[in-house]
Structure formats: structure tokens, C-alpha cells
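Since the structure comes first, as C-alpha cells, the remarks are kept for the end.
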Amino acid sequence: MQLQSVGIIGAGAWGTALATVARRAGRDVLLWAHEPETISAINDSHRNEVFLPGVALDPAIEATGRFNEVATCDLLLMVRPRQHLRAIAGELKPYVREGQPFLICAKGIEQATGRLMSQIAAELLPAAAIAVLSGPSFAADVARGLPAAVTLATGEEELGRELSHALSSPPFRGYWSGDVLGAEIGGAVKNVYAIAAGIVVGKELGESAKAGLVTRSFAEMARFAVALGGKLETLIGLSGLGDLVLTCGSPKSRNMSLGVALGEGMSAEEALSGRLTVTEGVATARAMVEIAQVRGIELPIAEAVHAVITGQTSVDAAIESLLSRPLRSEL
Ligand SMILES: NC(=O)C1=CN([C@@H]2O[C@H](COP(=O)(O)OP(=O)(O)OC[C@H]3O[C@@H](n4cnc5c(N)ncnc54)[C@H](O)[C@@H]3O)[C@@H](O)[C@H]2O)C=CC1
Ligand SMILES: O=C(CO)COP(=O)(O)O
């Protein structure tokens, strides 16, 4: 399959950064944007200052507001926040061709149904070949051409290779994987644990507490993913442990910075108000807790994050409750 043209749906920070990735890999890039001003900024001044400030874009990257135009591309990347997937799939369905790759690059779980984006996309776009891009990669780093490595997961190994070749260039390495569920779940749930890590930092609980929290978060993340059909090996890789390490390690993460604000004493409402950018961990925490209740999966850290965000408990009470859990075997 020749994947020369890449259509990117969503011109937020990550969609715009992925446009630079595809361009660096020699692809023709068309970026679909929601806001008319984003379209004209990309086409006229080759910048997207609102979502990805300080980055000069290759003038060959074009933007459009038309789904029929972006759908003509060989490869489609879905990079709008997760809650827009159903609407996008509805707009694209008439144009999607049999076997056209649809690569999900957003990270989240649908709050209302608890379904993963790959499952929703497979149902709504049955003609498309669904794949997932996930892994440790801040848009600002990637757009500057700094090195990053990600997982490209799809049920068809040949497509995984093709996606990797279509998007990789020396600074951006795509490793293919056959475990779509594992890659997607790792990328979605690490945002919840990044909020928890941020709370530890904001509360000044110390480096030892943070290392303990992140390690127990990994145990929880792996338990959740395996219960939903992901493979443990995938969770040990870029889209699991890799993204957990990145997002829990830097306040550049929107999710971790939310946690820092909560730990410093701000309410979730205050900390989230006025944010133009997405903080996917908020909705993902709710989805995780609901799934865990139905399936009987133990997720004390995700539950604590959800309870703090929704104001059901205070940060101090959540910490106390986690620290007073019964002692148990580590494994
Ligand atoms: N920024 C990053 O470093 C990375 C982000 N991701 C994921 O990619 C996805 C997109 O994130 P970003 O590009 O960072 O988003 P962003 O926060 O930069 O941009 C928000 C996006 O939401 C759209 N939007 C804003 N208000 C809207 C409204 N009222 N109606 C419809 N659309 C609206 C904007 O058009 C824009 O595409 C998320 O799932 C995120 O977790 C994944 C990897 C890295
Ligand atoms: O997913 C990301 C890095 O891999 C970005 O994380 P934030 O959305 O928390 O900034």
C-alpha cells in the first residue's frame, strides 16, 4: 500500500506536531482544523500559535475545514480529543474507502460507554483499517524535531510496517505492535496516574513517595489493561511504562500540571476553568472507575483521583485512605 498522503483530523498541539512528523518523513500533509482561524493561520502564516506556539510549520503543510478533502488522503490520523470521535466518524463515513488506514492518535476512553476509541471506530467505520499510535511524546518536543519513539498498533502486521515507514524519520521512530487494546489502554490511563503524580508533587510528599506512587500506578495500569484484553508485554513498552514515565515526570504534561494544582490546594473546578487545551485524564478516570466497578478490578489510585476531581473527597483524605490500605504482597 502506498501511504504518500496523510490527512490529519485535529489541529490541536498533537495534530499539528504530527503534521510536522509526516512532513519530515516526506509525506504530503493535509490538516483538518475545527476553527476557521486555525485554518487561515496554517495556510497563510504557517503557524498554529493558539495550540502549538513558537513553531514555524513547513509551508507545504496545508489546512482545510472540509472532511471530503481530508478523506482523499491515503492515511487518516484521528487527533481530536476523544469526545469528538463519534461526530468525526459520522462525517467521514461516506468518504472512507475499503482498507483505508485510520490511525487513532488521541488518548482516552469514551466516558458514557466505557468503550475504547478503536472499538468505536471499528463499529462506525467498518471499511477502515483501524490502528493506534501511542507512546511518550510531547507535541512541543516532537514538533521541534527532538527524538521520540512511539508504538503503532494494528491487527495486521503488514499495515504496522507500512505505518511505521510512512511516519518515521531519524528523530521519530514508530515501532509496530499487534496489540491494539494494550497500546490504547496504556496511553489512555497513564493520564489518570499523571494527575496522581502531580498531586504528590503539589503536596510536596517527596521523591520517594512519587517513585512509589508511579510504580504502584504501573501495577494498576497493567492489571486494568490485562483485564480488558491487553498484553502485559505491551504495557511494559512505550505506550505503557514509557508514557507513564514521561507524563508522571514532567509538569509540561497537562494532566500532571492539573495534579500539581490540586496538590497545591486548588479545586478541580478552578484548576480546569479557562483551559483551552484538553486534560484527558479527568474523563478517563471516571470511565476507569465505572469499568472497574462492573468488572471487579481493584484500582485504588484511579478511584482516589476520580474522587478528588469530582470533589467527593479531599486530597488529604485520599492520601490518608491510600496509605492506610491493608498491607499485602507486592505481586
Ligand atoms: N499534546 C500532546 O503532547 C499530546 C496529545 N495527545 C492526545 O491527542 C489528543 C488531542 O490533544 P491535543 O492536540 O494536545 O489537543 P489541544 O488541547 O492542543 O487542542 C484541543 C483540540 O480540541 C479542539 N477543540 C477545542 N475546543 C473545541 C470545541 N469547542 N469543539 C470542538 N473541538 C474543539 C481543537 O480544535 C483542538 O484540535 C488528546 O487525546 C491528547 O491526549 C497525545 C499525545 C501527545
Ligand atoms: O500524552 C502525552 C505525552 O505522551 C501528553 O500528555 P498531556 O496530555 O498530559 O500533556
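Backbone N, Cα and C define each Cβ position, glycine as well.
These features come from TrEMBL:
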type	residues	note
BINDING	GLY10, ALA11, GLY12, ALA13, TRP14, GLY15, ALA139, ARG254	NAD(+) binding site
BINDING	LYS107, GLY135, SER137, LYS190, ASP243, SER253, ARG254, ASN255	sn-glycerol 3-phosphate binding site
BINDING	LYS107, ARG254, ASN255	substrate binding site
DOMAIN	6-158	domain 'Glycerol-3-phosphate dehydrogenase NAD-dependent N-terminal'
DOMAIN	179-320	domain 'Glycerol-3-phosphate dehydrogenase NAD-dependent C-terminal'
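Annotated features, which come from TrEMBL, shown on the structure.
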| residue | record | DSSP class |
| --- | --- | --- |
| ALA11 | NAD(+) binding site | coil |
| GLY135 | sn-glycerol 3-phosphate binding site | coil |
| LYS190 | sn-glycerol 3-phosphate binding site | helix |
| ASP243 | sn-glycerol 3-phosphate binding site | helix |
| SER253 | sn-glycerol 3-phosphate binding site | coil |
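Close contacts with ligand 1, defined as a Cβ under 6 Å from any of its atoms, occur at ALA13 among the binding-site residues ALA13, GLY135, LYS190, ASP243, ARG254, ASN255. Within 10 Å of the Cα of TRP14 (NAD(+) binding site), the following binding-site residues from the list GLY135, SER137, ASP243, ASN255 place their own Cα: SER137. The 6 Å Cβ screen around ligand 2 retains ASP243 from the binding-site residues ALA11, TRP14, ASP243, ordered by sequence position. Among the residues the record lists as binding NAD(+), namely GLY10, ALA11, GLY12, ALA13, TRP14, GLY15, ALA139, ARG254, the two farthest apart have Cα atoms separated by 18 Å. Considering only the binding-site residues GLY10, ALA11, GLY12, ALA13, the residue whose Cα is spatially closest to the Cα of SER253 (sn-glycerol 3-phosphate binding site) is ALA13. Each residue contributes its Cα atom, and for GLY10 (NAD(+) binding site) and ASN255 (sn-glycerol 3-phosphate binding site) those atoms are 19 Å apart. If you draw a 10 Å sphere around the CB of TRP14 (NAD(+) binding site), it holds 27 other CB atoms from the protein chains shown. Here the C-alpha separation of GLY15 (NAD(+) binding site) and LYS190 (sn-glycerol 3-phosphate binding site) works out to 20 Å. Most Cβ neighbours within 10 Å, among the binding-site residues LYS107, LYS190, ARG254: LYS190 holds that distinction in the structure as shown. Closest by Cα distance to GLY12 (NAD(+) binding site), from the binding-site residues GLY135, SER137, ASP243, is SER137.
Mean model confidence for the domain 'Glycerol-3-phosphate dehydrogenase NAD-dependent C-terminal' (179-320) is a pLDDT of 96.
On its own chain, ALA139 (NAD(+) binding site) has GLY12, ALA13, TRP14, THR16, ALA17, LEU52 as residues at least 6 apart in sequence with a Cβ closer than 8 Å to its own Cβ.
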